[in-house]
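**Q** This is the structure I have questions about; it appears just below.
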């Protein structure tokens, strides 16, 4: 297999962006390329990346880790791209998610040419961050991911978008500055930023401290409590498709990099694992408690996001093959389930003009498909058998018991229960409770009412995102299709978890014993 | 030693600005902080024990010449910090032009306000 395949995920989306921008119409509001061309390019490129990552994953599972040294420089100077099992698996999941959110953006009417272009640049950064074998390139790829996200957030947000955008950009800029400082310190101590040469470097206390600065910066990006408060406040204003894209990509890159860097540079040092365990438990509990108090669909779901990151940290904190495999399995299924939930929330928001719980109600009777998709994905997130979340949490609990971390076992159970409580609250408020009085319901179904209502529809709610005009919203089955597909995936990952579990265990093996990864990065 | 003092001063100034109210001061803080980190990155190449290449007697032992890798890092980092700072300035501008009544000051209130305006 040609190692040039590794360059594809980084260069194909950028080439696609160039194509979209070249084809864009000049003037006339400059809404980018004609949506149909932009859409075709975006979908096509992402499908190509998905196929490429599947090929890379298969080859990594066969023990052949693909490596590419861009520019032909020797190792240590070249930009190294490596696809081991973990990297290829993450890339496959994220490219699937990018594809689904592009489809979802089409049905919610958010995908003008600029959306597609920005989403493709963002995905380039994500793929690059998952493939790169050195820390400075990781910094650059994370920035490539973040810069379009700044624009996407502010483009799609409601009236609060500027305030939220300023907080989001500031926090991320601070984290990036910290990251860069950590990379600089590490280079000063060790004279390299190449992950292969840095393997086990944390045995030197100065290098360990420098790496800790990098890990702290990644902790901000992964929204670990107490560094999480930027996430709910900024995700609450983004458009429905934008938030699906963000949820699956931004914090997950932080989590992935934490796994990778701790495994390689610290060589899974058991002395510091308690930090991840404590932070993981704190993140789980704080996130879910905050979600209980929220009063709109989106904000409940974004606080759950914080809570779920705690579960993945727990996997890292155990640092056994079983624990890491459970953490990775959790991450993979969570990305898909969360996207399904956010797509349901987005469908409600687009259809009803709001996602505030007190303004919703009685949707269960009129929209059984939406209720079904939401119900299945909510139960999967909670971890009810036989859905995917159950397998993930079961594996996590088994790994925690094997390490005698009974506090973690208790926390997994209690937090799952609290997640169920907040999901029931959402379920009751949206689907079963009677519809609120018409005068308190500001917007009826778009396009159905008289023209005054259609104009109200365009005025953004005080905190919510700018919703696309009613005529841009696709018909009912299409709007729900991506969420239904993902709910189906949640069921099938629960019923037939074995293949993915095997892959996750191989990925975890690669983290526990980094020898093969290091060899792949450093070998000429 | 000079580099360490410069980094210290820039970071101290940056943190002081970040702690001040107002987006403009936050942006200035980030500019200073960014410069501080860039100097740190440059210093990680070993400024005190290496000489400039190509000038003077710079043709000698390559191990004694300036390390080009941190310089390349700094070039990349400067561009990114600069771009994001300008974007923050654009947010500041848009805030004052477009929506004077909605600023960071009143985005603390969450959902309790009446929706009578709709």
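For all residues, glycine too, the Cβ spot is worked out from N, Cα and C.
Automated prediction, rather than curation, is the source of TrEMBL annotations.
Sequence annotations record features per position, and here TrEMBL assigns domain 'NADH:quinone oxidoreductase/Mrp antiporter transmembrane' to A:133-419. Residues or ranges marked as transmembrane segment in TrEMBL: A:6-25, A:37-57, A:77-103, A:115-132, A:138-156, A:168-187, A:207-225, A:237-259, A:271-292, A:369-394, A:406-427.
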**Q** Where else in the chain does the transmembrane segment (A:77-103) make close Cβ contacts, counting only residues six or more beyond its ends and a cut-off under 8 Å?
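**A** For the transmembrane segment (A:77-103), the sequence-distant neighbours (Cβ-Cβ under 8 Å, at least 6 residues beyond its ends) are 6-7, 9-10, 39, 42-43, 46-47, 49-50, 53-54, 56-57, 59-61, 65-71, 111, 116, 119, 123, 126-128, 130-134, 137, 194, 196, 241, 244-245, 248-249, 252, 256, 259-260, 328, 331-332, 335-336, 339, 343, 481-482, 485-486, 503-504, 506-507, 509-511, 516-517, 520-521.
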**Q** Count, for each of A:138-156, A:168-187, A:271-292, A:369-394, the Cβ pairs lying under 8 Å from the transmembrane segment (A:406-427), and report the range with the highest count.
**A** A:271-292
**Q** Same chain only, please: residues at least 6 beyond the ends of the transmembrane segment (A:138-156) with a C-beta under 8 Å from a C-beta of the stretch. Say none if there are none.
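**A** For the transmembrane segment (A:138-156), the nonlocal Cβ contacts are 110, 114-115, 118-119, 121-122, 124-126, 128-129, 132, 162, 164-165, 168-169, 172, 176, 179-180, 183, 221, 234, 237-239, 241-242, 245-246, 249-250, 253, 257, 465-466.
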**Q** Rank A:37-57, A:207-225, A:237-259, A:271-292, A:369-394 by Cβ pairs under 8 Å to the transmembrane segment (A:168-187) and hand me the top one.
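**A** Maximum Cβ contact count belongs to A:207-225.
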**Q** Which of A:6-25, A:207-225, A:237-259, A:369-394 has the most Cβ pairs closer than 8 Å to the transmembrane segment (A:115-132)?
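**A** Looking only at A:6-25, A:207-225, A:237-259, A:369-394, the most contacts with the transmembrane segment (A:115-132) come from A:6-25.
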**Q** Grab the same-chain neighbours of the transmembrane segment (A:6-25) for me: Cβ-Cβ under 8 Å, and only residues 6 or more beyond its ends, written as numbers and ranges.
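**A** Long-range Cβ neighbours of the transmembrane segment (A:6-25): 31-34, 37-38, 41-42, 44-46, 48-49, 52-53, 56, 66-68, 70, 81-83, 91, 95, 113, 116-117, 120-121, 123-124, 127-128, 131.
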**Q** So which of A:37-57, A:207-225, A:271-292 has the most C-beta pairs under 8 Å when paired with the transmembrane segment (A:237-259)?
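**A** Against the transmembrane segment (A:237-259), the leading stretch is A:207-225.
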**Q** Which sequence positions outside the transmembrane segment (A:207-225), separated from its termini by at least 6 residues, show Cβ-Cβ distances below 8 Å to it?
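**A** For the transmembrane segment (A:207-225), the far contacts come to 135, 142, 171-172, 174-176, 178-179, 181-183, 185-186, 188-190, 198, 201, 231, 250-251, 253-255, 257-258, 261-262, 265-266, 279, 282-283, 286-287, 305-306, 309-310, 313.
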